[in-house]
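K.L.:
I have a structure I would like to understand better, so I am pasting it below and will then ask my questions one at a time.
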Amino acid sequence: MSADDAADEAADDTSIVTGDETYTASVVGGTGFTGGELLRILSGHPDFEVVQATSRSADNMTVGRSHPNLRGLDLRFSDPDDLESVDVLFSATPHGVSMGQVDEYFEAADAVVDLSADFRLPAAELYDEWYDGHTSPEYLERAEYALPEINRENLPGADLIAGGGCNATATMLGLKPLVDAGALGPDSGEVVVDVKVGSSEGGAGGGAASSHPERSGVVRPYAPTGHRHEAEIEAYLGLDVSFTVHAVEMVRGASATCHVFPDEPVSKADLWQAYRGAYADEPFMRIVSGGGGVYRYPEPKAVAGTNYGEVGFELDPGNRRIVVFSAIDNMMKGSAGQAVHAANVALGLPETAGLEFQGLHPVGSP
Ligand SMILES: NC(=O)c1ccc[n+]([C@@H]2O[C@H](COP(=O)([O-])OP(=O)(O)OC[C@H]3O[C@@H](n4cnc5c(N)ncnc54)[C@H](OP(=O)(O)O)[C@@H]3O)[C@@H](O)[C@H]2O)c1
């Protein structure tokens, strides 16, 4: 390779400008639930200025019309066919939209952060297996998985960031310390994961299954086997899990309970060492494991509206089974918060910028 070619390649690699500046941002899919969370975070972020939020159905209406918590924000929805030129485009659209629009996104923006499943998996064959194929597979290699706790080292300078699935995020945050500690070797038993998730996971247009009368009071298995997030967990944690998801009544939150049968018996001290080793320096991770008070284990209510994740664990008598608990807000740590956290890392900003707020207590069903 000539020096010129190498320089061109290096320039391509750093097409996303990093430094001490304010970044312009747009949110495609601004009327949706995660789009609203992006607007909430970015409008308070010290390093971003939101210049566009798109909607086909609410064109020219104020953002506050869809998101009453954002009333007063001086921004109106505009047509996604007229994308403004920005530094970072966040896309919060249903699966399949971004893979069809990604060329247009990159014409408008230096970097794209996509919250859908469109760039999450690393290979086209996985989309054939788990989704309905992929129409822009040439972008898959370029995409970096957003979750910093899993993929921080590859995020700086990334210009296509793929947000994780909320159920996969809760599960991986819970299990990662055990994987890192080598507790899950070839002789381990099957890892069984049970996730309970709130109705906002289905989005603003969630349909009959998420409507209030149908959702009220349920603990409804909706993906007993074959959930698509299994593919992500295998791709990024290297772990094949038996995975079941329940739809429950809460609005926000994903709570994963993972049953782990390790190679060799482990002690409580081993577990503390593994979880502290993985998360002591993580700005958004809390270990909540059998302390006092009412909330002795991870609790979605305690992180609702925030980018925090909680993990905790218990051991069976005889140390045969580790029970791991993990709780996040599906729209924050499980989506919009994760996306902004990843963008902060990609741009070289302080990791916690725009995300440092705590949740509410006491609070009703979040
Ligand atoms: N909700 C969660 O907890 C969660 C968690 C992790 C990941 N995600 C992923 O994040 C994405 C957004 O989820 P959500 O829950 O925010 O969905 P949502 O509430 O249904 O919002 C979707 C948004 O996309 C817009 N949209 C739909 N089709 C479009 C198209 N063809 N072109 C441009 N805009 C379009 C919609 O507005 P208009 O129709 O007005 O244009 C709306 O603003 C999904 O891919 C979802 O899987 C969601």
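Cβ from N, Cα, C; glycine included.
Automated prediction, rather than curation, is the source of TrEMBL annotations.
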K.L.:
Where TrEMBL shows THR31, GLY32, PHE33, THR34 binding NADP(+), which of ASN319, ASN330 is named for the same site?
P.N.:
ASN330
K.L.:
Give me the Cα-Cα distance between CYS166 (active site) and GLY32 (NADP(+) binding site), rounded to a whole Å.
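P.N.:
Rounded to a whole number, the Cα-Cα distance is 16 Å.
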K.L.:
Average the pLDDT scores across the domain 'Semialdehyde dehydrogenase NAD-binding' (24-158) and report the rounded value.
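P.N.:
The predicted confidence over the domain 'Semialdehyde dehydrogenase NAD-binding' (24-158), as a mean pLDDT, is 98.
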K.L.:
Which chain-mates of THR34 (NADP(+) binding site) that are at least 6 residues away have a CB under 8 A from its CB, listed by sequence?
P.N.:
ALA92, LEU115, GLY203, MET331, SER335, ALA336
K.L.:
To which of the binding-site residues THR31, ASN330 does the lowest count of other Cβ atoms within 10 Å belong?
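P.N.:
The binding-site residues THR31, ASN330 were compared, and THR31 has the fewest Cβ atoms within 10 Å.
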K.L.:
Counting only residues 6+ apart in the same chain, whose Cβ is under 8 Å from the Cβ of GLY32 (NADP(+) binding site)?
P.N.:
ALA92, THR93, GLY203, ALA204, GLY205
